[in-house]
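Noted in Swiss-Prot for the protein shown:
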type: DISULFID; residues: 31-71; note: disulfide bond
type: CARBOHYD; residues: 67; note: N-linked glycosylation site
type: CARBOHYD; residues: 116; note: N-linked glycosylation site
type: REGION; residues: 1-146; note: region 'C region'
type: TOPO_DOM; residues: 168-173; note: topological domain 'Cytoplasmic'
type: TRANSMEM; residues: 146-167; note: transmembrane segment
């Protein structure tokens, strides 16, 4: 193999189609690694920081695009409900086995060494809620809960004070 043509992949992650989600209640994420040479790559899926194997379908081998370029695709299928949770984080990771430290490489250009290249996406809420707006909603709900709890505590103290005052007044009369 010609070491001068060693090139790491460009990795893209495509989100599931709305039609698939609506019709099948499933969500398929597609990972595409392309433009790499040689074809020494390993592709893995990670969900919420943990590697997953269930629901994964990866091409059996990299396809040759041209003399010095390969591509590889993989799919991860999850339930529509799981995809619609904005807290779920999906990552496609491609480990590219490039040059070793001993391999000769021309000065002035970056040496394509073994490296991990990733693309990622967050789950999308069904009603257009993003992760940031979801977190803002949780924060607002927490603040509202604390205000209501404070009001209830204040009301309990006020009622208790009135009851004690009534008992003292009754005892004195």
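Cβ atoms here come from the backbone N, Cα and C positions, even for glycine.
Outside the topological domain 'Cytoplasmic' (168-173), and at least 6 residues removed from its termini, no chain residue falls within Cβ reach (under 8 Å). Each of the disulfide-bonded residues 31, 71 was scored by the number of other CB atoms within 10 A of its CB, and the lowest score belongs to 71. Regional average pLDDT for the region 'C region' (1-146) in the model is 89. Comparing Cβ neighbour counts within 10 Å across the glycosylation sites 67, 116, the minimum falls on 67.
Residue pair residue 71 (disulfide bond) / residue 116 (N-linked glycosylation site) shows a Cα separation of 16 Å. In the three-state DSSP reading, residue 71 (disulfide bond) counts as strand.
If you take the Cα of residue 67 (N-linked glycosylation site) and the Cα of residue 31 (disulfide bond), they are about 22 angstrom apart, rounded to a whole number.
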